[in-house]
Each structure stands twice: as C-alpha cells, then as structure tokens.
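First comes the structure, then the notes that go with it.
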Amino acid sequence: MALELQGHLGASSVSSLLAGLMHGASAVFVVKDGNGTACIMANFSAAFLTNYDTNSGFKNVTFDLPSDAVVLNSSSCGKDNASGPSLVVAFGRGHTLTLTFARNATRYRVQLMRFVYNLSDAQIFPNASSKEVKTVESVTDIKADINKTYRCVSSDQIHMSNVTVTLHDATIQAYLSSNSFSKEETRCEQDRPSPTPTPPVTPHPSPSPTPESPSVNKYNVSGTNGTCLLATMGLQLNITYENRDNMTVTRVFNINPNKTRVNGSCTAQLVTLELRDEDVTLLVFHFGMNATSSQFFLQEIQLDMTLPDARDPTFKAANSSLRALQATIGNSYRCNAEERLRVTEALSVNVFRVWVQAFQVEGDKFGSVEECQLDENNMMIPIAVGGALAGLVLIVLIAYLIGRKRSHAGYQTI
C-alpha cells in the first residue's frame, strides 16, 4: 500500500507513508495499493463540534481539520471480502478521523465514520478534567454509484454521540478505476434541487401491526467513581418513513435485551447510555442535570439505523432539547405507565415500566422514588371511583333510615 498527496494544479507528489491534506483547491488525499493504483481519493474540509468536562463545568468546543493533517499508513485498500478500504486522517495530538467504505454491485458508501480524540490535547481541550482518549462512530449517508465521484458542495453533518462532524465541499471516491476522480458524479441529497410540488394527495401513514410490549431490561453505566446510571425499562421505536414505493409507512421495533450490546460513559454533567442490536446501529440516551434545581433528566435521544425497505435506507434522528424522566438528584424516577417520548416527526421512543436514576447512585440501588404524573393520575381514578361509590352507599343508607323513621311515625299508640 502507498499513500501520497497529489495537487490538482500541479504534478508534484510525495511518495511516502504519510501525506498531508492541503485545504482549498490544491490537494487531495490518496490511498494506493501495493501496485501504485489508487483505491481512495478524497478532498474535503471538516469542522468538529463536541463538549467535554472541566473543573469549572461542562464546555463546548469547535475546531477545524487543520492544514497539516496527515494520512496514516493504517489506511488500507482492503483485503478481498475481509475488510473494506479505509482512509485514516490524523491531526493534533492523537486525533484521527476514519472513513471505512463498503460496496455492492452498483454502489459504494462510507459504511462507518469513526472519530478518535485525545482530551490531553490542551490546545483543543484546555483545562479538561480527564485525559482520556475517546472514540465515537456512526453510519453515514455518503454514497455514490460505482465508478462515479461522490460530490457534495453543501454542508453534511454526521452525528456521533456527543460529537458532530460537518463536511464541507466534499469530493470523495473509492474503488477507483483510474488514478483520478471520475468526471461522472453522484450528487448528495443536499445539493439536489427541490422537486416542484405536485397536486396528488399524499398517502396517509400505513401503520404496521404493533408488536407486543418490549421486554424490560436492567441497564447500568459505570465510571471511575462508580455507577452513574441505573435503569430498568422496556424500549420500543416508532419510525415513520417513505418506502421504495413512495408510500409513507410506520414501523415499530422492540429493543431485544438478549441481543443488545450496552456501552456508556460518565462525566460530571453528562451520563450517556449507548445501545446496539440486530436492527439498531446506535441508540443513544444522554442524561443531563440542572445544578440550580438539583435535578437530572433525559435531555437527548439519538438514533442511527438501517431500514432496508426505505427509499433512503439510512435513518437518522436526534433531539437534544428533551426534558423527560426527571427527578431530584439522589432520587429515582419511576413510571409503570407507558411513556411516549417524541424525538422528531419521524421518530418516537416508547418507554415501558421505566425506573431510572442518573449521576448519584448509592450502593448500586435506586434512591427514593418520584412517581410520574401518569401513575399519579391512574391512582386517582380508583380513588375517585371508590369515593363516589362510598358516597352513593351513604346516601342510600341515609335515605333508608329517614324512610324507616317516617313509616314508624305513621302508627298511633292505642
């Protein structure tokens, strides 16, 4: 395998294991095989948005892929069917952005994007309380026809847990047939003109049969200071999308605990639960806290998954403005009733028999319980019915006693 940097405007090249990316109009990443044939070419700029913990609280940070970024020799043209081609770009003190490709008979795509970042890099993460190396990843919607270049002038955001990568002015091609970009292009959805609205009536959503309630499972997330999340709940996804026949359909997916991989992380102000199963590429729950009111709450849900029958099989949804499953820090939140959490118009998450506690978890046991409003309302119904029945019985009894007294008053003593 050989890696080199080629200029669009000149014939210069660097034949070495490392090559840099010069932004603008002058350079492109190239990954070559042992015969000197290019298998990946890419030219793009990238911006990163993430957050991290400091001694004075949580901090957001943005930074760009610098001009001295390099291609690592861990980049590869793949090995037959064992692995696909991959481009690994490194910068700063141990940060890497990896694009891993896959293909079928007609199309190729960036199957997975992975970002590894080092919190000990004080230039990007000043005053970080942790020096850990973090890894996040996500599927993408970057795809093109075989022997065509993927082209996207518009910004394309890829959400990976607490990191958002924004690609600008991207030109990417894998599985090349020559050592240059193809003149034929597959444009991204963002670049395509919006279709002219047509008068036909939009089909109504066609709901699929609702499966049984999901199994309730216990989820734990632990960090260096012990358990930061304790939860039991059943999870169900409600997804609305257009299928290949351009019909709007709604499908329901239960999260199967027996086939689910669980990960997570703990910081002073953010607790993350990550779930992956046979249907879901990544389902993320972010719990935040309000130090002023001393409460924790579910603040964000992210979902990445593949829908094989969809017009666009890659389904992604996220909402970072939630305020659900809320309780006092040190206490737990419990709700036996089904709760429907609306993430976007296309996604809702149904939560069954939830019992959750974030941040302060003592002895791996739930703290004092704060019941949800739904359960309190459900408890009020039998109380109200019982009170009404008791009142009715009392009225009947009083009426009976009054009637009996009047009947006795009608007799005269002889």
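Glycine too: its Cβ is placed from the backbone N, Cα and C atoms.
Long-range contacts of the compositional bias 'Basic and acidic residues' (182-192) within its own chain (CB-CB distance under 8 A, at least 6 residues past either end) are made by residues 141-145, 147-156, 170, 173, 176, 312. Look at TrEMBL and you will find 182-192 tagged as compositional bias 'Basic and acidic residues'.
According to TrEMBL, the compositional bias 'Pro residues' annotation covers 194-212.
For Cys188 (disulfide bond), the count of additional Cβ atoms within 10 Å of its Cβ stands at 19 [all protein chains shown]. Per TrEMBL, the feature disulfide bond maps to Cys152-Cys188 (among others).
The disulfide bond annotation in TrEMBL covers Cys228-Cys266 (among others). The Cβ of Cys266 (disulfide bond) lies under 8 Å from the Cβ of Val221, Ser222, Gly223, Thr224, Asn225, Cys228, Leu229, Thr272, each of which sits 6+ residues away along the same chain.
Every protein chain considered, the tally of other Cβ atoms within 10 Å of the Cβ of Cys335 (disulfide bond) stands at 22. Annotation comment: TrEMBL describes Cys335-Cys372 (among others) as disulfide bond.
Among the features that TrEMBL reports, domain 'Lysosome-associated membrane glycoprotein 2-like transmembrane' is placed at 381-412.
If you look up TrEMBL, you'll see 379-402 marked as transmembrane segment.
Most Cβ neighbours within 10 Å among the disulfide-bonded residues Cys152, Cys372: this distinction goes to Cys152.
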